[in-house]
Amino acid sequence: MNMDNNTKRNEPWREELRKSIKNKERADKSRVHMRELPADYRNKNNEEVNCGLTKEEALNEAKRCLDCPAPSCTNGCPVGIDIPQFVKNIERGEILEAAKIIKQTSALPAVCSRVCPQEKQCEAECIYAQKMGKEAVAIGYLERFAADYERESGQMAVPECAPSNGIKVAAVGSGPAGLAFASDMAKRGYSVTVFEALHEIGGVLKYGIPEFRLPNSIIDVEIEMLKKLGVEIVTNCIVGKTITFEDLQAQGYKALFVGSGAGLPRFMNIPGENLIGVMSSNEYLTRINLMGALRDGDTPVLSGKNVAIIGGGNTAMDAVRTAKRLGAEHAMIVYRRSEAEMPARIEEIKHAKEEGVEFMPLHNPIEYIGDEKGRVKQMRLQKMELGEPDASGRRSPVEIPGAIETIDVDTVIVSIGVSPNPLVPSSIKDLSVSKWGTITVNDGMQSSVPTIFAGGDIVRGGATVILAMGDGRRAAAAMDEYLKSC
Amino acid sequence: MNKILKKEHFSPNVLHFEVEAPQIAKTRKAGHFVLVKVGEKGERIPLTIAASDPVKGSISLVVQRVGVSSAKLCDLNEGDYITDLVGPLGKATHIENYGTVVCAGGGVGVAPLLPIVEAMKKAGNRVITVLAARSKDLVILEEQMRANSDEVIVMTDDGSYGKQGLVTAGIEEVLLREKVDMCVTVGPAIMMKFVALLTKKYNVPTMASLNTIMVDGTGMCGACRITVGGKIKFVCVDGPEFDAHEVDFDEMQMRLNSYKEIETEAMKHYIETAAI
């Protein structure tokens, strides 16, 4: 914790607030539950499932926070939000002030509060969870409340920016990493341009995460905020193809941040995987989320009665819940390990189950069978059991000899992970990449080419929105240092 | 937004557009393509760059009116804007001096063949171009091809122009008479399949430029995947050109039909609503 936070904690209003309720009384309150749309209603439409907190609920939940002298929650946040400071502002009813504090370090609070796995980050570090065996303060819910409250108030504050220093820098990719980078550099006085290959801004937030988890209108408001900071955004421009790194240098860009993501979908290379109706989760979700398939877009999508999603991550949950909403009678998760090993958030698994998704753990597809037109009609599944823990520490799935079953499917969504997209790395000379194709960087997210920084999935492989944003922030800090020393 | 500078008909359903795209005009090479989207709710469709004018800052696209998305593009006029256009995409054609090269194109595939013919000629090859079409009025870009080829053979299905027969008959005529070092083919999957079978028989290395279903065109989704030599490849980033003797054309043909029924239905609806 730095001096700044200490000073803030000693402000009279905060001291008074701490004294107003006894710690024991605070700790005896139970954690708020966020209202959700009923499962049999929401699984037929695209409305956001989680409804947010009322002001009363938020104020009450904020009272649970003990305003610890050395708050560990902040350490669990990849972008380092001053959590007690914003939570205490909610407690005293200064919601707009709370929103302002979050925005000092987070570029997209309404987005992050919805998609971060808080149970593994800030909330995992909360003293309630760490030391007291109680449910953590609902930091994510409170962040969402503050961000939504500010947006709906129509009084969104533009974060303060340092005076322009006239130095041009560029970000490649407008996903969470690129946007966090752009926001931080703009605040530091740089003139920032973000180059995006697609026709829409937001990366995975737009093409991947569905409306029922993260409404596009909310992302757009936060992107508008970046434009107010002076960030310029160029869509339909692929760095390395439309414009080269050398072109950018010639145009006066002093440094570049690569946040191009890990968009390349993996397939299993099993027979029948190229049949019609078998597709990657990226294709399925892009057609639906980005292109508006089956809504008002010209883009079509294949979706049927019996839809199997292969995989157990968050993307798999997004795809299966989407399939259910598109009218699948059987929307199935097929996963080779047991449910305990699924990488998806517990909340997503719970939501999927409530919505009628069928779970088939310990099954692995070995072949797809098609009809005379080449459309998939069945899949052959190998049943598995759990063996010894593997390198990842998870118990590895082992085939049960001869235990094979055949199931009817008309659509299969392969969601077994992504690899880094080589498009940008391969277009930059002398850039070192790992054997997995990720860009190699130092602690300051600086690559082997001193003026090129990188972060997010292009450095980590498939990870989370907030880790990408944290990388963007760190890269901005390090790039600022680097450019000042030049 | 990219302005349409010029629009002309090559044949009733094949149109040629010159579109403002200065950055792409500068960097594109033979074999590259773009993705085009018409309207906010439009679909992203791939189109090969047929030519470019870096001075004017424009690229040429040849579009065949087949479905709703291409029809929406064909219905735009000079002065209109294409909502989204991105590129150049894909790997550029591998050009070198092979010796004698046969370039064979069919239908609207002749347009993407043009920059390859030009580049092959410029690299010092002896270029023999075989153009195929169903009938005389569907033969496109003949003049431009003649300007860049040592010889042009025109084949029509009905014999209304040039020689009667399929593209393969034109290629075989050359293969029987002289040594060919490389063949390049662009056209419908079925045509490329038979070209590949023919040149395999004569042991002539052959490149095919594939046109599959695409969504993003940057390797993100795998909609364009095909099997080449038993391995999955993404046409948008690994291609569009592949060794024609290794491509599973039957699978490609099958996958191209993924949305056939939906597309036919959508086109019917588009024509009906446009008529009102």
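Just so you know, glycine gets a Cβ as well, placed from its N, Cα and C.
Using a 10 Å radius centred on the Cβ of B:Gln64 (FAD binding site) and all shown protein chains, the other Cβ atoms total 19. The FAD binding site annotation in TrEMBL covers B:Val62, B:Val63, B:Gln64.
Sequence annotations record features per position, and here TrEMBL assigns [2Fe-2S] cluster binding site to B:Cys221, B:Cys224, B:Cys236. Shown in sequence order, B:Pro46, B:Leu89, B:Gly90, B:Met214, B:Asp216, B:Gly217, B:Thr218, B:Gly219, B:Cys224 are the residues of the chain, 6+ apart in sequence, with a C-beta less than 8 angstroms from the C-beta of B:Cys236 ([2Fe-2S] cluster binding site).
Using DSSP to sort the residues of the domain 'FAD-binding FR-type' (B:1-95) gives these counts of helix, strand and coil: 13 helix, 47 strand, 35 coil. Under the heading domain 'FAD-binding FR-type', TrEMBL lists B:1-95.
Summarising the environment of B:Val63 (FAD binding site), the number of other Cβ atoms within 10 Å of its Cβ, over all protein chains shown, is 24. B:Val62 (FAD binding site) sits 25 Å from B:Cys221 ([2Fe-2S] cluster binding site), counting Cα to Cα.
DSSP assigns B:Cys236 ([2Fe-2S] cluster binding site) to a helical segment in the three-state reduction.
The Cβ centroid of B:Val62, B:Val63, B:Gln64 marks the FAD site; residues of that chain outside this set whose Cβ lies within 8 Å of it are B:Phe10, B:Val14, B:Leu15, B:His16, B:Leu47, B:Leu61, B:Arg65, B:Ser70, B:Cys74, B:Val108, B:Ala111, given in sequence order. Closeness to chain A is evaluated for the binding-site residues B:Val62, B:Val63, B:Gln64, B:Cys221, B:Cys224 by Cβ distance, with values under 8 Å counted; counted residues in sequence order are B:Cys221. Of the recorded residues, B:Gln64 (FAD binding site) and B:Cys221 ([2Fe-2S] cluster binding site) place their C-alpha atoms 25 Å from one another. Within the same chain, the residues at least 6 positions away from B:Cys221 ([2Fe-2S] cluster binding site) whose Cβ sits under 8 Å from its Cβ are B:Val215, listed in sequence order. Ranking the binding-site residues B:Val62, B:Cys224 by C-beta neighbours within 10 Å puts B:Cys224 at the top.
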